[in-house]
Ligand code: F6P
């Protein structure tokens, strides 16, 4: 049996662990694994322009500790799904033809696709041309409804929490407010968990629209109680309760990584009179070595994906439910985004600890 593996979309700590899991589990079954470079682009290999590598357990040993991905990744490239007038998505026919040629040439029996919802939808289209696929979920934002956790998330949370620890000491020294922008376009999981771990005073999430007045009131109360430093964590997708008030007049309120934290810092500094600095953690959250949880989860996802290939359970995505691995039809898996429920126990715990969400 020959199985392919590729990762697609933004990287996430733990991708290499998935690859090591796939290669380990496949080789134990006597199967071969080919890794495609740069996402789906690797499928467009031609003789003389090979964009893949046969992977052995010896070559992958210890890979789980390394950040990034040995295979490289691309956001969309030639496999961008074009949506026609009938709203049905498709990949360019010429791209599909080249893919079929690669599948034939390498004698591929199945493909494991590690990616977010967009990549899983592309994977489904490939299964329609006769390439059976198994999906592995990947989003650092941890916002895929089908799985309790995605690898990379806890590495990002650790970075946020460690950054807050560091920022607290300098903020305390100068009696400043620090506004830290973190990743999370649609869901505020990184801000919520990183903020709780790092003792943030204020956490602003996309799911809990906030008012500047409420945040200012909380900050002033803490200052009046004698607190020297103020830590504010802002998810990149955070939004105001009054949608008519634009946070950033220049971008018409559009949320961009590396923008919203600075805007909020300026507004809070003006309203409180506290000297404020802002910082964007950005891709530091995605870089570097995965934490041990992500190494283990990535490895489990990879090895379970091979188990699904063995059971011929295709067009499914592996998922973690509780402590168990399970398979979810890709079609279902990509449908639901997992957002922070403003009344969930984690938010209530944070409120009990005194965190202000600005609502
Ligand atoms: O979706 C994951 C994510 O990390 C977002 O939180 C962030 O906005 C985006 O990716 C950054 O993407 P890129 O690497 O393309 O700048």
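Note that Cβ sites are derived from N, Cα and C of the backbone, with glycine treated the same way.
Just so you know, TrEMBL annotations never went through curation; they're auto-generated.
The ATP site recorded in TrEMBL comprises 76, 77, 116, 117, 118, 119 together with one of 10, 14, 184, namely 10. Cα-Cα distance from residue 141 (active site, proton acceptor) to residue 284 (substrate binding site): 14 Å (rounded to the nearest whole number).
For ligand 1, the binding-site residues lying close by, meaning a CB under 6 A from one of its atoms, are 185; the full candidate list was 185, 277, 284.
Closest by Cα distance to residue 119 (ATP binding site), from the binding-site residues 183, 185, 284, is 185. Residue 139 (substrate binding site) sits 9 Å from residue 117 (ATP binding site), taking the CA atoms of both as reference points. Cα to Cα, residue 284 (substrate binding site) and residue 116 (ATP binding site) are separated by 20 Å.
The two recorded residues, residue 183 (substrate binding site) and residue 10 (ATP binding site), show a Cα separation of 12 Å.
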